[in-house]
Amino acid sequence: MKPLISRGALYVLPVALLTLIPLAVVLASFLQPQPEIWEHLAEFVLPEVLRNTLWLVLGVGAGVLLLGALLGWLTAVCEFPGRRFFAWALMLPLAMPAYVLAFVMVGLLDYTGPVQTFLRESFGEADWFPRIRSTGGVVLTLTLALYPYVYLMAREAFLSQGRRALEAAQTLGLTRRQAFWRVALPMARPWLAGGTMLALMETLADFGTVAIFNFDTFTTAIYKSWLALFNLPAAAQLASLLVLFVFVLAWLEAKSRGARRFHGKGGQGARIVLYGWPRWAAFGLCLTVLLVAFVIPALQLLQWGIKVWAEEVDARYWGFVWHSLLLALLAALFVAAGALLLTHFVRRFPDSVTQWLSRIAVLGYAVPGTVLAVGVFIPIAWLDDQLIAVVNALGGAETEVLKGTLAVMLLALAARFMAVGVQPVEAAMQRITRNQEDAARSLGVTGRALLWRLHLPMLRGGILSALLLVFVETMKEMPITLMTRPFGWDTLAVRIFEMTSEGMWEQAALPSLGIVLAGLVPVVILIRQTEK
Amino acid sequence: MALLEIDQLAVSYNGNPVVSGLALQLEEGEIGCLLGASGCGKTTVLRAVAGFEPVRGGTIRLAGATVGAPGRSVPPEQRRVGMVFQDYALFPHLDIAANVGFGLGKMNRAGRAERVRAMLALVGLEAMAQRYPHELSGGQQQRAALARALAPSPQLILLDEPFSNLDAELREKLAQDVRAILKAAGTTALLVTHDQHEAFAMADRVGVMHAGQIRQWSTPYDLYHRPMDRFVADFIGEGAWLAAEVNEAGEVTTELGVLNGIRCAEDATTRQLDVLIRPDDLVHDDTSPQKARVLARAFRGAEFLYTLALPSGQRLLSLVASHHNHRVGEEIGIRLETDHLISFSRQ
């Protein structure tokens, strides 16, 4: 008889629990609603939060889909001036976290910002100028920050099948326009849907951007309930609602991934050369997006950074940098070890329980940081109470054991970014064939020796990618760090939050530059991979 | 005592029985081959012998010791069985010398280097020791995989479709090379393939497999000339079945007259027979009164393979030197030249 829990499952379980416990804690709070909390939430919080979230999802969804698909189509299939350059340059905004773009936008376009000031001085009162701190402003900012998700997917879809399929359709008597609507676009649908769902999951998880715009969504409401009103149960209730929304998106994304699996790589047809006004419209659009989403914000950050350099770069600033780097390194090592463990044992014990647990372990990528922070904090606080009793009984006088240590933050970060780490390691593992493992076994290399002599050397590249990606993601991460950091343990992202919440854009520029520079590393690697 | 003895072997894959009641014996130093179409279970047998698939019934014995039986399985790494995989499964992060030395962990450094050198010399890859697998040609990779499997001196080598990834022109040459290497090493080997030419070029004994069982286990010559059942007769080589009857005198008569030759069928009591006529049994002879019409022809360089129809509509195959160039529809003279008869009772 097979035991219910296999050996593989036992090894994988701890990694799965990282995600499973916070999720269970948060969802459990949904299952036992407390009427008085619900009444308060329903009356004062939910109406606005739900309305804002709805507009955000609709607006950003439509925005990234339209912009990403259009830019992907232009650079993958058409020919116009600067096409080669834009093809990779349009990925650059991936390096800039949405919250950085957000405060630069607000700083530039707000009433007191340089643009409106210039307009007023030149042409008198400029009340026609749209308010940037508005639903439209948030949607625009998030669209510009998140369109690359759809752009990358659309490009992949159109590059692999667009041109050849178009030519085939045209030989069957369709005009080019018909061929686009009836062949190229429907074929790319799983890619476009996948990219859009990823962008929307980021939107729901976003905390920094909406905080800067004072645009209340679930994430900011969770933050306020916990850290301003000290109402942890309310935060958990809100988190449980948000998780439900997010899992609908995650499910849709997984479905679109299934539809993408069976498309082979097609050959390359000739590019469509644009003439006349479309030629320059294409050029203009690409240039505008690149300028607004990356170049101008980056230059503005540089200008602000230089301005405040002398007063801002002191021991405290290096403290932020040190905290950011140390945290990112610890999280990267933690996640890479978890990812290696997961992939190794799933490979060695491919039973269904182990596989199922390994899938749970990577669910964190869909769960917003604010939710994970709540979900990790509640059980740790409970555990702390138990431990304190023990410590006190032993004669100690501690009031906190685990609470307020790096452990809480690391656990939440690891849960959030496990998928980021598992993906490259798993991809590398897939390149190790069953036969290579069987060959090793028949040559007497098994068990742990298999890990050291076959898996580790062959997974080296994947593990390095995992380290790098998790490192950068952790540096950019805001809500988990903000909500669970030990007292006084400020990172660059925390500094940005604190400065922007007081409207001090210039002081937020230097830490932002640090994060953007780190973010550029994986983007450059991505660009080199896709341009091969 | 045979080195490898398989008795009443049954193996399942995903709960479906793939192999059942399979038996074979391989003497020390012999090269055996399982021949069959894809899906007949031949690779499963190989994996069961290696220890990668659990045995559901029967036994696998290596040098007298039971290594596989239901609920009792010696793990692969303790069987002293080497395996050469279809895709070679070389380790891309190691050079060829390190690949060959991978299974020599228990030796000291000098002993290992010496053994690696000897193995590379055996397969003719001394010059490639520092190269990486992707820098080698397909045939070189295959020999490297063979050297890696031979290095720990296994008592048995298993080869899974060893030539399927190679160009057709290379295969026969390589099959002979590999046979020579195995014979030089004195190793017992079992390979599986779907290609008769490979099986015949490599093996001392060949087993024709169908639906998880061995239909006949004998030398290549006997498989072709003394098939034990209709399946093997159809599977090996080409030919056409000709209806025949045994007359009072005990002669085999057909519409082409009386067939001469040693009868090797066991079912001599029946009068209604089917006789297998191989293409080389039917000779083209312009002077023969027996005529047949050309239905189709396949040019094979030195020969034509003609598909012929007798006046009765009976179809036959004939291999004819290719300077006899006849058009489809033409009537040509034929004559049977049989040495022994492959005949079975009419079904």
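Note: Cβ is positioned from N, Cα and C throughout, glycine not excepted.
According to TrEMBL, the features are:
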- A:12-33: transmembrane segment (TRANSMEM)
- A:50-253: domain 'ABC transmembrane type-1' (DOMAIN)
- A:53-74: transmembrane segment (TRANSMEM)
- A:86-112: transmembrane segment (TRANSMEM)
- A:132-154: transmembrane segment (TRANSMEM)
- A:191-215: transmembrane segment (TRANSMEM)
- A:227-252: transmembrane segment (TRANSMEM)
- A:280-300: transmembrane segment (TRANSMEM)
- A:320-342: transmembrane segment (TRANSMEM)
- A:321-526: domain 'ABC transmembrane type-1' (DOMAIN)
- A:362-382: transmembrane segment (TRANSMEM)
- A:402-422: transmembrane segment (TRANSMEM)
- A:450-472: transmembrane segment (TRANSMEM)
- A:508-527: transmembrane segment (TRANSMEM)
Task: Chain residues outside the transmembrane segment (A:508-527) and at least six past its termini with a C-beta under 8 angstroms from it - done: 88, 91-92, 94-97, 100, 103, 298, 300-305, 308-309, 312-313, 317, 320-321, 324, 328, 468-469, 471-472, 475-476, 492-493, 495-496, 499-500
Task: Contact yes or no, the transmembrane segment (A:12-33) and the transmembrane segment (A:450-472), 3+ Cβ pairs under 8 Å, gap 6+ - done: no
- [ ] For the transmembrane segment (A:320-342), name the stretch out of A:362-382, A:402-422, A:450-472 with the most CB-CB pairs under 8 Å.
- [x] A:402-422
- [ ] Look at every Cβ pair spanning the transmembrane segment (A:362-382) and the transmembrane segment (A:402-422), keep those 6 or more apart in sequence, and say whether at least 3 of them are under 8 Å.
- [x] yes
Task: Long-range neighbours of the transmembrane segment (A:402-422), counting only residues six or more past its ends (CB under 8 A) - done: 15, 18-19, 22, 327, 330-332, 334-336, 338-339, 342-343, 358, 361-365, 367, 369, 372-373, 375-377, 380-381, 383-384, 387, 466-467, 469-470, 473-474, 477, 480-481, 484-487, 489
